[in-house]
Each structure stands twice: as C-alpha cells, then as structure tokens.
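Enquirer: Once you've had a glance at the structure underneath, I'll fire off some questions.
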Amino acid sequence: MKQLLVILYSALVVTNAQLPGFSFGPSGFGGFSLSNPLFNASFAPANPVDRISDIASRFRDVANNVQRNLPKIPQFTNPLSAFSRFARPTSSSGSTNANSNNNQNFNSNQANEGTSGARNAINEVLNRIPGLSGVPRVPEIPKVPEIPSFGNPSDVFGPFVNSLRNMTNQGINDPGQMFNQVNKFLPDVSRIANSVANYAKSAANSGIWKNISNDIKHEMQNRIESMTQMLSNITSAMKNIAQSLPNLMQDQSLNTTLRNQPFFFPGHSGIVHLFEWKFSDIAEECENVLGPNGYGGVQVSPINEYLVSPSRAWWERYQPISFEIKSRSGNEKQFSDMVKRCMKAGVRIYVDVVVNHMAAPGASAPLYGTAGSTCDPQARDYPGVPFNRSHFHADCQINDYNNATNVRNCELAALPDLDQSNRFVQNKIIQYLNHLLDLGVAGFRMDACKHMRPEDLKSIYVRLKPVNAMFLFPPGARPFIFQEVIDLGTEGVSAKEYTNLGVVTEFNWCIAVGGVFRGTTNADALELLTKNGSAGVLLPSSQALVFVDNHDNQRGHGAGGDSILTYKTKRQYIQAVAFTLATDYGIARVMSSYNFSDPDQGPPQDTVQVIKSPGFAANNSCSNGWVCEHRWPEIRKMIQFKNFVAGSSLDHIQATQNTFAFCRGEKGFIVFNNSENTITQQYHTCLPQGQYCDIISGEVSQSTCTGTVVNVDANGDAEITLPKNSIVAIYVPSRLS
C-alpha cells in the first residue's frame with residue numbers, strides 16, 4: 001500500500017508545471033465556457049486519501065466536460081509548413097536542445113525513476129507548444145525521505161503517459177494532427193482519473209498514514225492544489241492554440257519550394273552519383289574525400305531487394321523484388337551507419353528509388369532477389385511486398401511515345417507496370433520512403449517518373465514524412481525530390497508536368513554542353529546555359545538538376561546519343577563538368593563511374609561476385625576498375641570554386657565562337673576554349689589586382705603555384721593563353737600576392 005501512495009505522490013509531483021501568460025477564467029475564452037468544479041471548489045476532506053479520491057473524481061468530471069465543450073478542430077491537409085517555425089529541433093541523441101529548460105539531471109532514487117517517462121513526455125509537449133519557450137518545465141522530484149521501493153507505476157499511469165507520448169511524437173511531425181487528437185486524448189485523462197480515485201479509496205487504511213512522514217503529507221497536499229491550476233492553464237493553452245490554428249495553417253503541400261532544397265551543409269554543394277558503390281565504401285568516401293572537399297551529397301544506387309541476374313549486370317538494380325533494404329551494397333544496418341557517418345562529414349544521402357515497375361519475367365520462374373525473396377513476374381506475384389496482379393496495369397507494351405497514356409500505363413522494356421493509383425501500391429511505396437526518411441536520408445531520385453502520372457506521384461509525395469530532424473535538417477522540412485523525366489520536347493510527356501512536384505532532371509543540359517565541348521556547337525551557345533540566358537530554353541533554374549552524363553546515357557541508353565560526353569573523352573569531359581559547376585544554373589550532379597566496355601557490364605567484383613572497394617591509387621585516384629571522376633583534381637577543385645562563389649552573380653560574359661568567359665561577382669573568373677587551337681586573349685576577370693594560380697592546371701602549395709600563374713592588373717584585366725580544349729579558373733583563394 002505504501003507503494004501505491006508513492007505512485008500517487010509521484011503523479012502529483014509530475015503535474016507541478018505552471019503556465020503563466022494564459023488567462024482563462026471561469027467565464028471562458030473566445031466564447032468557450034467551461035463548467036469547472038475542480039478549478040473553483042474548495043477541498044473539504046481532511047484525510048489525504050479522501051482528498052486524493054475527491055480530486056481524482058473532480059479531475060474526471062473536468063476531463064469529460066472539456067471533451068464535451070472543446071470545439072471541433074478543423075482538418076488541415078499539411079499544417080506543418082506553417083507550424084514548423086514554432087517547433088524546436090532535436091539533437092541526434094533525441095534530447096531537446098542543450099540549453100532547454102528541461103535538461104535537468106534526475107537523481108537516482110526510485111521515485112524519480114518511476115516518473116521520469118511522464119516528466120519527459122510532459123516537458124516535450126510544453127517544448128512543442130507555440131509561445132511557451134519561457135514556461136518553467138516540470139521540475140525534478142525532490143528527494144523524499146523514508147520512501148520504500150516500488151514497482152512499475154505504469155500500471156496506473158501507463159495509459160495516460162503512453163497517450164501523451166504518442167500524441168507528442170505525432171505532434172512533432174504533424175502539429176495539426178496533434179490538436180485534432182485532443183478529444184481522443186481526453187478520455188484517457190478521464191479513465192486515469194477514475195483509476196486514481198479507485199486506488200485512493202482502496203488505500204483508506206489510517207494505519208498506513210502513520211508510517212508516512214508529515215513532510216510527505218504536506219507535500220502531497222501542495223501538489224494537489226497545483227494540479228488544479230495545471231489543468232486549467234493547459235486547457236486554456238490548448239484552446240488558445242486550437243482557435244488560432246485556422247489562421248496559421250496554409251496548405252503548401254504542393255509548393256515546390258518544399259521539395260527543391262537538397263539541404264546541403266554550409267560550404268558544401270553538388271551531388272555525386274557513386275554508382276554501384278558499397279555502403280561501407282561510401283561512408284569512408286564521405287569522411288576522406290567528399291566532406292573535406294566540399295561535396296554536398298551522394299546519390300546511391302537502388303538499395304532495396306532486386307533481381308539477381310546471371311551476369312550481375314548493373315541494370316538488375318532497376319528490377320525490384322521487394323522493399324527490404326538488402327542489395328549488393330549492403331544491408332539496412334550498414335546503410336544506416338553510412339547515413340550517420342556521411343552526415344557527420346557534412347554530406348547528405350539521396351536514394352535512387354524504383355517504383356514504376358517490378359522485375360521482368362525471366363527464362364524460368366521463380367526469380368530470386370538479393371534478400372532471398374522469390375517472385376514470379378509472369379504471374380505478377382511478388383510475395384516479398386506483397387504485390388499481385390491486381391496491383392499492376394493491364395498487360396501492354398509502350399509503342400507510342402506521343403501518347404502519354406501509352407507511356408504511363410504500359411510496360412517499359414517488358415517490366416511489369418505498377419498501378420500507382422492503387423491505394424495498396426501507394427501505401428507500400430510510402431512505407432518504404434518513410435522508412436528511409438526515418439533512417440536520415442535527405443531525399444530521393446525518383447526513377448522513370450515519365451512513366452508515372454503526376455497526380456499519382458502527388459498522392460505519394462504529400463503523404464511522406466518530413467526529413468528526420470535528428471539528422472540536422474530544418475524542423476518540418478520536406479524531402480528533396482528530383483525526378484527522372486526525359487523530355488527533349490518531341491513527345492507526349494512534358495517535364496513541366498512534374499515541376500510543381502519537385503526538381504526535374506534536365507536532359508537538354510547533357511546534350512547542349514556535350515555539343516559545345518565536342519566542338520560541334522559554338523562556345524557562345526553556353527550563354528543559353530546560364531540562369532539569365534536559359535529562359536524559354538531550359539526548365540527554370542530552381543526546378544532543374546543538371547549533369548554531363550548519367551549511368552544510362554553514358555551507356556547509350558536514354559537521351560543524348562553521340563552528344564553525351566563521358567570519362568572516356570577526359571579533356572572535353574572535364575571542360576563540361578567544370579562549366580556545370582561554375583555556372584549559376586540548376587543543382588549540379590557529378591557522375592562517378594567504373595570502367596566498362598560492355599554496356600551491360602556490372603561493377604568490379606571478386607571471384608564470388610562481391611563488389612570490390614575502389615581503393616586509393618598514388619595520385620588519389622581510384623583503383624580496382626573504378627574511375628572516380630569526383631576525385632579528379634580538376635573536378636574536385638571546381639567544387640571548391642563553386643562553394644566559394646555561391647550566391648554571387650554571373651556577369652561580364654565574354655564570348656566568341658571558340659571561347660566563353662565570365663565572372664562570378666568579384667570572387668571568381670573562368671574561361672573555356674573549345675577549339676583545337678591555342679588562343680591568347682585579354683579578359684576582364686573582375687578580381688582585385690594580383691597574381692593568381694589557375695586551379696585547373698595546378699594548385700597553391702606553400703605559397704607557390706604548381707600550374708599556370710595569371711597576372712591581373714589594377715583594372716581587373718589579364719592576358720590569358722589557353723591551350724586547345726582547355727580551361728583557366730582563378731578565384732580569390734588562389735591569389736598568390
């Protein structure tokens with residue numbers, strides 16, 4: 001029985017939180033009236049047990065009254081966008097910010113341990129309620145003498161605490177939903193009040209009280225008094241917030257600004273596609289190369305279970321069998337570790353997601369996946385999800401790219417075409433993507449969006465969680481989404497149909513830069529690939545992801561054909577990548593490849609088909625069959641150039657048939673020669689007078705330049721000699737004097 005009294009005492013201690021700044025008298029707030037026997041009545045019973053019973057009974061009545069009188073909270077499609085500015089980010093350990101009022105150390109007595117869960121839950125709610133940043137939090141339970149040990153108090157308070165904790169967790173992700181659940185929460189308050197009353201009555205043994213110190217009795221009486229004010233003020237606060245919600249909330253669920261931010265850390269930019277890399281190798285690359293050199297993020301190849309093909313071709317990753325995280329790159333534990341390590345290095349992770357289709361039929365059935373699942377594509381049977389024939393579009397092949405319905409409802413290369421309008425299919429996709437968000441990813445590359453209806457993708461995107469704030473994302477921010485849509489302006493599906501959903505891959509960029517640096521197009525055409533010059537030619541800059549090549553078109557698949565530059569034409573390829581990183585248009589992605597001669601060839605592997613690690617060669621390039629364009633000095637240093645000039649204007653364009661030059665404010669200058677001839681010319685660099693080291697031909701080492709030195713005069717001009725197919729890039733950090 002002593003244990004029971006300690007439980008009751010602990011519960012009353014937990015309620016000791018004052019909420020100044022809210023006035024809610026018996027007459028109500030905003031037309032809301034509340035009959036309030038608990039707030040205003042005096043307490044007649046002198047016996048503490050009777051007093052507890054009385055207060056519990058009144059607490060129950062008030063909870064029921066609040067439930068009846070609280071106005072219906074309106075539904076909001078996406079209230080988080082407006083509400084998130086009030087939320088407090090959490091640290092990677094899950095605790096609130098270190099200077100928050102609730103960061104107190106618990107003492108080790110068992111009474112404190114028994115109530116710590118409730119105390120944390122209540123304090124977290126207070127931290128999340130707008131306008132209560134200065135409100136004192138539930139204090140530590142004072143050290144109580146002569147308290148015996150006791151069991152788990154959750155038998156009495158578990159339902160209440162669990163409801164509060166669940167509501168808090170939901171409220172962090174969706175505050176509108178939290179307030180809509182108030183009515184569901186109040187019955188738990190009523191039920192626990194009944195429980196308290198019943199337990200209190202059973203404790204009416206006067207002999208028990210003789211063994212409890214007077215200090216505890218007085219403390220319990222004081223806590224009972226404060227409990228009434230606690231309920232009054234919390235009710236007032238909830239009512240106040242609930243009534244103001246309609247003015248705060250706006251449906252911005254389809255506002256593209258919520259999905260076009262890649263969440264690069266300060267001083268970082270650019271995405272690297274580490275095609276077919278293992279998770280453990282990606283983590284090391286983040287720590288050793290990407291983070292230190294200012295890369296912003298990594299696109300990883302599809303990570304969920306996919307077909308095991310006889311030849312282990314690269315395209316097997318694009319034939320999913322289930323959504324279990326297990327691939328040639330590693331398992332879920334290794335993936336989670338990679339995300340955390342890359343985040344600590346300042347590098348974000350974006351997952352390539354394949355949800356347009358499932359694995360295609362093979363020569364026989366069943367087919368086997370990388371996690372051990374089997375499937376029968378001919379029967380449309382994928383038990384690892386599970387999907388069956390009802391989850392797919394009718395059998396047909398794409399044969400008319402001018403017909404959007406044919407492109408979206410029929411099969412791409414005999415791959416069974418999922419019906420994304422099917423609610424079950426949507427739910428499975430959303431569960432998978434939300435799980436990845438829980439693991440800390442920053443967003444997704446959505447494969448084959450051209451073959452899915454925008455309205456179906458919209459239905460999926462609006463139901464995704466925010467990015468996980470535990471990984472240092474802004475509270476409530478939506479995941480970055482970049483969608484593969486091949487649109488060269490000649491087919492029935494347009495990339496512009498997808499720009500209100502997120503960023504779109506701009507394949508016209510690949511063709512344009514490839515043409516210029518192959519020499520088939522004049523250099524002055526590069527002006528069309530700047531933010532100001534691209535209007536009407538390319539997608540708006542904020543809606544475009546740009547790249548020189550990707551895993552498809554470097555193998556002759558998709559768009560571009562012979563215009564596409566790859567690592568196999570190194571000099572021109574470096575020029576194209578350097579321009580992509582130096583200009584002010586779009587979000588840039590750099591390809592990181594492995595050597596191949598057969599377009600179907602998979603990544604480097606050992607004798608048991610385990611992917612080889614890239615390793616480090618003497619010059620910091622890759623070994624074991626990997627190309628690693630992102631490690632090439634010219635590209636690595638252009639990432640640093642890009643980060644330094646970020647936000648500055650692109651101006652003073654100086655263009656001829658074979659050269660193209662421009663300034664990035666007064667921070668940097670770059671010039672390109674796309675001809676087979678050496679060209680010497682005077683350029684305005686916009687930089688202060690001095691000697692500068694060209695970061696393409698060399699770098700600054702111990703105050704000297706290992707490459708070409710450019711002399712800039714007092715007017716900011718310089719005479720520069722450009723060898724054939726070359727670049728000169730200088731910026732403030734490369735100044736020697």
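Here the Cβ of each residue, glycine as well, is placed from N, Cα and C on the backbone.
Residues or ranges marked as Ca(2+) binding site in Swiss-Prot: N356, R408, D417, H451. Annotation comment: Swiss-Prot describes C286-C342, C396-C410, C622-C628, C693-C705 as disulfide bond, evidence class similarity to another entry. The N-linked glycosylation site annotation in Swiss-Prot covers N40, N166, N211, N233, N255, N388, N403, N532, N595, N619, N673, and the record cites sequence analysis as its basis. The annotation region 'Not found in other alpha-amylases' is assigned in Swiss-Prot to 17-260.
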Enquirer: Of these disulfide-bonded residues, C286, C342, C410, C693, which scores lowest on Cβ atoms within 10 Å?
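Expert: Counting other Cβ atoms within 10 Å of each of the disulfide-bonded residues C286, C342, C410, C693, the minimum falls on C410.
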Enquirer: So what pLDDT does the region 'Not found in other alpha-amylases' (17-260) average out to?
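Expert: Over the region 'Not found in other alpha-amylases' (17-260), the predicted model scores a mean pLDDT of 49.
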Enquirer: Tell me, by DSSP, whether R408 (Ca(2+) binding site) is helix, strand or coil?
Expert: helix
Enquirer: Tell me, by DSSP, whether C693 (disulfide bond) is helix, strand or coil?
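Expert: Where C693 (disulfide bond) sits, the three-state DSSP reduction gives strand.
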Enquirer: Calculate the distance in Å between the alpha carbons (Cα) of R408 (Ca(2+) binding site) and C396 (disulfide bond), and round it to a whole number.
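Expert: Per the Cα atoms, R408 (Ca(2+) binding site) and C396 (disulfide bond) stand 11 Å apart.
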Enquirer: Least buried of the disulfide-bonded residues C396, C628, C705, going by other Cβ atoms within 10 Å?
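Expert: Among the disulfide-bonded residues C396, C628, C705, the lowest count of other Cβ atoms within 10 Å belongs to C396.
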Enquirer: Using all protein chains shown, find which of the glycosylation sites N388, N403, N532, N595, N673 scores highest when you count other CB atoms within 10 A of its CB.
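Expert: Max Cβ neighbours within 10 Å, all protein chains included: N673.
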Enquirer: Which one is it: of the binding-site residues N356, D417, H451, whose Cα lies the shortest distance from the Cα of N673 (N-linked glycosylation site)?
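Expert: Of all the candidates listed, H451 is nearest in space.
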Enquirer: Other than N356, R408, D417, H451, which residues of the same chain sit close to Ca(2+)? List them in sequence order, counting a residue when its Cβ is within 8 Å of the Cβ centroid of the site.
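Expert: Once N356, R408, D417, H451 are set aside, the remaining close residues are H357, H393, V407, N409, C410, E411, L412, L418, Q420, A448, K450, M452.
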Enquirer: Of N356, N619, which of the recorded positions has the most Cβ neighbours inside 10 Å?
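Expert: Result of the Cβ crowding comparison: N356.
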Enquirer: Considering only the recorded positions C342, N356, N595, C628, C693, which residue has the minimal Cα-Cα separation from N403 (N-linked glycosylation site)?
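Expert: Going through C342, N356, N595, C628, C693 one by one, the Cα closest to that of N403 (N-linked glycosylation site) is N356.
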Enquirer: Expressed to the nearest Å, what is the distance separating N619 (N-linked glycosylation site) and H451 (Ca(2+) binding site) at their Cα atoms?
Expert: 43
